[in-house]
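Q: Have a look at this one before I ask anything.
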Amino acid sequence: MSERVLIDGYNRRVDYLRMSVTDRCDFRCVYCMAEDMQFLPRQRVLTLEEIYQLAQSFVALGTRKIRLTGGEPLIRPGVVGLCKQIAALPGLRELCLTTNGSQLGKLASPLFDAGVKRLNVSLDSLDAERFKQMTRTGDLAQVIDGIDAARAAGFTRTKLNCVVMQGRNDHEINDLVQFAIERDLDISFIEEMPLGIISEHSRAESFFSSTQVRERIAERYTLIDSAESTHGPSRYWRLAEAPHIRLGFISPHSHNFCGTCNRVRLTVEGRLLLCLGNEHSVDLKAVLRAHPGQPERLEKAIIEAMKLKPYRHNFEVNDDVQVVRFMNMTGG
(Lines of atoms letter the chains of each structure in order from A; the text may use other names.)
(Lines give C-alpha, C1' and ligand atoms only; values in the text may rest on other atoms or scores of the structure.)
Protein backbone atom coordinates (compact mmCIF):
# COMPACT_ATOMS: atom_id res chain seq x y z
CA MET A 1 0.00 0.00 0.00
CA SER A 2 1.38 3.43 -0.95
CA GLU A 3 2.27 5.91 1.78
CA ARG A 4 -0.49 8.33 2.76
CA VAL A 5 0.55 11.98 2.88
CA LEU A 6 -1.12 15.35 3.42
CA ILE A 7 -0.61 17.83 0.58
CA ASP A 8 -1.96 21.39 0.63
CA GLY A 9 -3.18 23.48 -2.31
CA TYR A 10 0.35 24.74 -2.99
CA ASN A 11 1.82 21.24 -3.24
CA ARG A 12 3.52 21.48 0.16
CA ARG A 13 3.70 18.29 2.17
CA VAL A 14 2.30 18.78 5.67
CA ASP A 15 3.92 16.30 8.06
CA TYR A 16 4.42 18.33 11.24
CA LEU A 17 1.61 18.82 13.77
CA ARG A 18 1.70 21.11 16.77
CA MET A 19 -0.93 20.01 19.31
CA SER A 20 -2.01 22.18 22.23
CA VAL A 21 -2.98 20.13 25.27
CA THR A 22 -4.14 23.11 27.37
CA ASP A 23 -4.69 26.86 27.09
CA ARG A 24 -3.78 27.27 30.77
CA CYS A 25 -0.38 28.38 31.98
CA ASP A 26 1.33 29.15 35.27
CA PHE A 27 3.07 32.14 33.61
CA ARG A 28 1.48 35.25 32.06
CA CYS A 29 4.19 36.27 29.59
CA VAL A 30 3.66 39.82 28.32
CA TYR A 31 3.92 38.85 24.62
CA CYS A 32 1.65 35.81 24.97
CA MET A 33 -1.48 36.75 26.88
CA ALA A 34 -3.30 39.33 28.95
CA GLU A 35 -2.58 39.37 32.68
CA ASP A 36 -6.27 38.73 33.46
CA MET A 37 -6.61 35.98 30.84
CA GLN A 38 -9.87 34.03 30.97
CA PHE A 39 -9.32 30.34 30.24
CA LEU A 40 -11.64 27.87 28.52
CA PRO A 41 -14.26 25.96 30.50
CA ARG A 42 -13.45 22.25 30.68
CA GLN A 43 -16.36 21.15 28.49
CA ARG A 44 -14.85 23.03 25.53
CA VAL A 45 -11.47 21.33 25.89
CA LEU A 46 -10.46 18.08 24.20
CA THR A 47 -10.08 15.11 26.51
CA LEU A 48 -6.73 13.32 26.58
CA GLU A 49 -8.32 10.40 24.75
CA GLU A 50 -9.58 12.75 22.02
CA ILE A 51 -6.11 14.29 21.67
CA TYR A 52 -4.68 10.80 21.27
CA GLN A 53 -7.31 9.86 18.67
CA LEU A 54 -6.49 12.99 16.67
CA ALA A 55 -2.77 12.17 16.87
CA GLN A 56 -3.54 8.66 15.59
CA SER A 57 -5.36 10.04 12.56
CA PHE A 58 -2.65 12.54 11.70
CA VAL A 59 0.09 9.92 11.95
CA ALA A 60 -2.00 7.60 9.76
CA LEU A 61 -1.99 10.43 7.20
CA GLY A 62 1.78 10.79 7.16
CA THR A 63 2.54 13.11 10.08
CA ARG A 64 6.11 12.35 11.15
CA LYS A 65 6.66 14.95 13.87
CA ILE A 66 4.31 16.03 16.66
CA ARG A 67 5.06 18.79 19.14
CA LEU A 68 2.92 19.15 22.26
CA THR A 69 2.38 22.74 23.35
CA GLY A 70 0.09 24.85 25.51
CA GLY A 71 -0.40 27.12 27.34
CA GLU A 72 1.96 25.16 29.52
CA PRO A 73 1.50 21.48 28.59
CA LEU A 74 3.09 20.13 31.77
CA ILE A 75 0.39 21.52 34.05
CA ARG A 76 -2.25 19.32 32.43
CA PRO A 77 -2.84 16.20 34.55
CA GLY A 78 -2.10 13.00 32.66
CA VAL A 79 0.19 14.59 30.08
CA VAL A 80 3.05 12.13 30.68
CA GLY A 81 0.75 9.19 29.95
CA LEU A 82 -0.46 10.96 26.80
CA CYS A 83 3.16 11.40 25.70
CA LYS A 84 3.79 7.69 26.15
CA GLN A 85 0.75 6.82 24.01
CA ILE A 86 1.62 9.22 21.20
CA ALA A 87 5.33 8.34 21.17
CA ALA A 88 4.40 4.69 20.55
CA LEU A 89 2.38 5.41 17.39
CA PRO A 90 3.83 3.44 14.45
CA GLY A 91 5.21 5.83 11.84
CA LEU A 92 5.81 8.78 14.15
CA ARG A 93 9.49 9.68 14.05
CA GLU A 94 9.65 12.37 16.69
CA LEU A 95 7.57 13.56 19.65
CA CYS A 96 8.71 16.91 21.02
CA LEU A 97 7.38 19.25 23.68
CA THR A 98 7.59 23.00 24.28
CA THR A 99 7.53 24.15 27.91
CA ASN A 100 8.25 27.15 30.10
CA GLY A 101 10.39 24.83 32.22
CA SER A 102 8.60 25.41 35.51
CA GLN A 103 7.61 21.75 35.92
CA LEU A 104 10.70 20.10 34.43
CA GLY A 105 12.39 19.61 37.78
CA LYS A 106 9.90 16.85 38.59
CA LEU A 107 8.80 15.77 35.11
CA ALA A 108 11.97 15.70 32.97
CA SER A 109 12.80 12.06 33.76
CA PRO A 110 9.21 10.78 33.33
CA LEU A 111 8.96 12.61 29.99
CA PHE A 112 12.22 11.10 28.78
CA ASP A 113 11.07 7.64 29.81
CA ALA A 114 7.71 8.22 28.06
CA GLY A 115 9.46 8.69 24.72
CA VAL A 116 9.65 12.46 24.29
CA LYS A 117 12.68 13.03 22.03
CA ARG A 118 13.37 16.75 22.37
CA LEU A 119 12.41 19.72 24.53
CA ASN A 120 12.13 23.41 23.75
CA VAL A 121 12.29 25.61 26.85
CA SER A 122 11.27 29.27 26.86
CA LEU A 123 13.89 31.52 28.45
CA ASP A 124 13.77 35.26 27.76
CA SER A 125 16.06 36.61 30.48
CA LEU A 126 18.80 35.54 32.88
CA ASP A 127 18.00 38.38 35.26
CA ALA A 128 15.58 37.16 37.95
CA GLU A 129 13.74 40.48 38.27
CA ARG A 130 13.42 41.00 34.52
CA PHE A 131 12.33 37.38 34.08
CA LYS A 132 9.61 37.99 36.66
CA GLN A 133 8.53 41.16 34.83
CA MET A 134 8.33 39.43 31.45
CA THR A 135 6.53 36.32 32.71
CA ARG A 136 4.61 38.22 35.43
CA THR A 137 4.72 35.13 37.70
CA GLY A 138 7.80 33.08 36.75
CA ASP A 139 10.69 31.97 38.96
CA LEU A 140 13.98 32.01 37.02
CA ALA A 141 15.80 29.67 39.41
CA GLN A 142 13.02 27.09 39.03
CA VAL A 143 13.30 27.21 35.23
CA ILE A 144 17.10 26.87 35.26
CA ASP A 145 16.77 23.93 37.66
CA GLY A 146 14.32 22.41 35.17
CA ILE A 147 16.74 22.88 32.28
CA ASP A 148 19.47 21.17 34.28
CA ALA A 149 17.05 18.36 35.22
CA ALA A 150 16.33 17.78 31.51
CA ARG A 151 20.05 17.45 30.79
CA ALA A 152 20.47 15.05 33.70
CA ALA A 153 17.49 12.97 32.49
CA GLY A 154 19.21 12.32 29.18
CA PHE A 155 17.66 14.89 26.85
CA THR A 156 20.04 16.05 24.13
CA ARG A 157 19.63 18.93 21.69
CA THR A 158 17.37 20.74 24.14
CA LYS A 159 16.66 24.18 22.69
CA LEU A 160 16.06 27.50 24.38
CA ASN A 161 13.43 29.79 22.84
CA CYS A 162 13.95 33.50 23.43
CA VAL A 163 11.52 36.22 22.31
CA VAL A 164 13.61 39.37 21.90
CA MET A 165 11.98 42.71 22.74
CA GLN A 166 13.59 46.09 22.11
CA GLY A 167 14.40 47.85 25.38
CA ARG A 168 13.33 44.83 27.43
CA ASN A 169 15.86 42.03 26.97
CA ASP A 170 17.80 42.81 23.76
CA HIS A 171 20.91 43.64 25.82
CA GLU A 172 20.92 40.05 27.14
CA ILE A 173 21.28 38.33 23.76
CA ASN A 174 24.94 37.40 24.13
CA ASP A 175 24.51 36.41 27.77
CA LEU A 176 21.82 33.96 26.65
CA VAL A 177 24.13 32.62 23.93
CA GLN A 178 26.86 32.12 26.53
CA PHE A 179 24.38 30.33 28.82
CA ALA A 180 23.50 27.99 25.94
CA ILE A 181 27.17 27.32 25.19
CA GLU A 182 27.94 26.48 28.81
CA ARG A 183 25.07 23.98 29.03
CA ASP A 184 25.40 22.53 25.52
CA LEU A 185 21.98 23.82 24.46
CA ASP A 186 20.72 25.05 21.11
CA ILE A 187 19.00 28.44 21.16
CA SER A 188 16.48 30.14 18.88
CA PHE A 189 15.72 33.85 18.89
CA ILE A 190 12.14 34.68 17.93
CA GLU A 191 10.57 37.85 16.60
CA GLU A 192 7.48 38.78 18.62
CA MET A 193 4.31 37.54 16.94
CA PRO A 194 1.24 39.84 16.75
CA LEU A 195 -1.35 37.49 18.20
CA GLY A 196 -4.06 38.88 20.47
CA ILE A 197 -4.75 42.46 21.53
CA ILE A 198 -2.39 43.57 24.30
CA SER A 199 -2.05 46.85 26.25
CA GLU A 200 1.14 46.09 28.21
CA HIS A 201 3.44 47.40 25.46
CA SER A 202 3.53 48.60 21.86
CA ARG A 203 4.61 45.79 19.56
CA ALA A 204 5.83 48.29 16.97
CA GLU A 205 8.15 49.86 19.54
CA SER A 206 9.34 46.57 21.04
CA PHE A 207 10.06 44.84 17.71
CA PHE A 208 13.64 43.58 17.35
CA SER A 209 14.43 41.80 14.09
CA SER A 210 16.45 38.64 13.57
CA THR A 211 18.96 40.69 11.58
CA GLN A 212 19.48 42.94 14.59
CA VAL A 213 19.94 39.89 16.81
CA ARG A 214 22.59 38.46 14.48
CA GLU A 215 24.39 41.81 14.39
CA ARG A 216 24.44 41.85 18.19
CA ILE A 217 25.80 38.29 18.35
CA ALA A 218 28.44 39.10 15.73
CA GLU A 219 29.88 41.69 18.11
CA ARG A 220 31.15 38.80 20.26
CA TYR A 221 31.06 35.64 18.13
CA THR A 222 31.79 34.50 14.57
CA LEU A 223 28.58 33.32 12.87
CA ILE A 224 28.67 30.55 10.26
CA ASP A 225 25.58 30.05 8.08
CA SER A 226 24.18 26.50 8.17
CA ALA A 227 21.78 24.56 5.98
CA GLU A 228 20.65 22.40 8.92
CA SER A 229 16.96 21.91 9.63
CA THR A 230 14.90 20.52 12.50
CA HIS A 231 11.76 20.26 10.38
CA GLY A 232 10.48 23.56 11.79
CA PRO A 233 10.66 27.31 11.13
CA SER A 234 14.12 28.00 12.58
CA ARG A 235 16.95 28.96 10.23
CA TYR A 236 20.23 27.88 11.77
CA TRP A 237 23.74 29.24 12.18
CA ARG A 238 26.78 27.89 14.00
CA LEU A 239 29.44 29.68 16.04
CA ALA A 240 33.12 29.28 15.18
CA GLU A 241 33.86 29.62 18.90
CA ALA A 242 31.30 26.97 19.92
CA PRO A 243 30.44 24.72 16.94
CA HIS A 244 28.67 22.19 19.18
CA ILE A 245 25.53 24.36 19.49
CA ARG A 246 23.08 25.72 16.92
CA LEU A 247 21.66 29.24 16.82
CA GLY A 248 18.21 29.46 15.27
CA PHE A 249 16.26 32.48 14.10
CA ILE A 250 12.48 32.43 13.75
CA SER A 251 11.58 35.47 11.69
CA PRO A 252 7.86 35.66 10.85
CA HIS A 253 8.18 39.37 10.03
CA SER A 254 11.58 39.95 8.46
CA HIS A 255 12.20 36.61 6.70
CA ASN A 256 8.96 34.65 6.67
CA PHE A 257 9.14 30.90 6.20
CA CYS A 258 5.76 30.46 4.52
CA GLY A 259 6.98 29.08 1.20
CA THR A 260 8.24 25.88 2.80
CA CYS A 261 5.61 25.60 5.53
CA ASN A 262 5.06 21.96 6.47
CA ARG A 263 2.94 22.32 9.61
CA VAL A 264 -0.49 22.87 11.04
CA ARG A 265 -1.69 23.47 14.59
CA LEU A 266 -4.45 21.89 16.62
CA THR A 267 -5.90 23.95 19.45
CA VAL A 268 -7.06 22.38 22.69
CA GLU A 269 -10.61 23.20 21.55
CA GLY A 270 -10.06 20.85 18.62
CA ARG A 271 -9.79 23.51 15.93
CA LEU A 272 -7.27 22.78 13.20
CA LEU A 273 -5.42 26.01 12.41
CA LEU A 274 -4.04 25.91 8.89
CA CYS A 275 -1.80 28.95 9.47
CA LEU A 276 -0.42 30.70 12.54
CA GLY A 277 -1.16 34.12 11.06
CA ASN A 278 -4.66 33.53 9.65
CA GLU A 279 -8.01 32.54 11.08
CA HIS A 280 -8.56 29.65 8.62
CA SER A 281 -9.62 26.70 10.77
CA VAL A 282 -11.69 23.52 10.83
CA ASP A 283 -13.54 22.16 13.87
CA LEU A 284 -12.19 18.62 14.20
CA LYS A 285 -13.67 18.21 17.67
CA ALA A 286 -17.14 18.41 16.14
CA VAL A 287 -16.25 15.68 13.63
CA LEU A 288 -14.69 13.52 16.32
CA ARG A 289 -17.69 13.77 18.65
CA ALA A 290 -20.29 13.41 15.90
CA HIS A 291 -18.69 10.22 14.57
CA PRO A 292 -17.14 8.32 17.49
CA GLY A 293 -15.22 5.22 16.50
CA GLN A 294 -15.03 6.30 12.85
CA PRO A 295 -11.46 7.48 12.23
CA GLU A 296 -12.08 7.48 8.49
CA ARG A 297 -14.52 10.41 8.92
CA LEU A 298 -11.90 12.34 10.85
CA GLU A 299 -9.19 11.58 8.29
CA LYS A 300 -11.44 12.74 5.46
CA ALA A 301 -12.03 16.05 7.26
CA ILE A 302 -8.28 16.51 7.77
CA ILE A 303 -7.54 15.83 4.10
CA GLU A 304 -10.24 18.29 3.00
CA ALA A 305 -8.93 20.92 5.42
CA MET A 306 -5.58 21.05 3.65
CA LYS A 307 -7.29 22.86 0.76
CA LEU A 308 -7.87 25.81 3.11
CA LYS A 309 -4.22 26.27 4.05
CA PRO A 310 -3.18 29.73 2.76
CA TYR A 311 0.13 30.39 1.06
CA ARG A 312 1.35 32.82 3.70
CA HIS A 313 0.45 34.73 6.85
CA ASN A 314 -0.37 38.44 7.07
CA PHE A 315 1.82 39.56 9.98
CA GLU A 316 2.76 43.25 9.99
CA VAL A 317 5.29 45.12 12.14
CA ASN A 318 2.80 47.51 13.73
CA ASP A 319 0.11 47.41 16.37
CA ASP A 320 -2.66 46.32 13.98
CA VAL A 321 -3.75 42.86 15.11
CA GLN A 322 -4.92 40.60 12.28
CA VAL A 323 -5.42 37.58 14.56
CA VAL A 324 -7.29 38.20 17.81
CA ARG A 325 -6.56 34.88 19.53
CA PHE A 326 -3.69 34.92 21.99
CA MET A 327 -0.64 32.70 21.62
CA ASN A 328 -1.73 30.45 24.50
CA MET A 329 -5.01 29.82 22.64
CA THR A 330 -3.10 29.08 19.44
CA GLY A 331 -0.58 26.61 20.81
CA GLY A 332 2.80 28.24 21.40
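Easy rule for this one: first residue shown is 1, then count along the chain.
Any Cβ shown, glycine's included, is placed from N, Cα and C.
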Q: Going by the GTP site in Swiss-Prot, where Arg67, Thr98, Lys159, Arg263, Val264, Arg265 are listed, which of the candidates Arg18, Arg214, Arg216 is also part of it?
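A: Given Arg67, Thr98, Lys159, Arg263, Val264, Arg265 bind GTP in Swiss-Prot, the matching entry from Arg18, Arg214, Arg216 is Arg18.
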Q: Quick one: Cα separation, Cys29 ([4Fe-4S] cluster 1 binding site) versus Cys261 ([4Fe-4S] cluster 2 binding site), in Å?
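A: About 26 Å separates the two Cα atoms.
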Q: Please tell me which one of the binding-site residues listed here (Cys25, Ser122, Cys258, Cys275) sits closest to Thr98 (GTP binding site), measuring Cα to Cα?
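A: The smallest Cα gap between Thr98 (GTP binding site) and any of the binding-site residues is with Ser122.
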Q: Starting from the Cβ of Cys25 ([4Fe-4S] cluster 1 binding site), draw a 10 Å sphere and report how many other Cβ atoms land inside it.
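A: Within a 10 Å radius of the Cβ of Cys25 ([4Fe-4S] cluster 1 binding site) lie 25 other Cβ atoms.
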Q: Is Thr98 (GTP binding site) helix, strand or coil when read with DSSP?
A: strand
Q: Given the binding-site residues Arg67, Lys159, Arg265, which one's Cα is the least distant from that of Met193 (S-adenosyl-L-methionine binding site)?
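A: The answer is Arg265.
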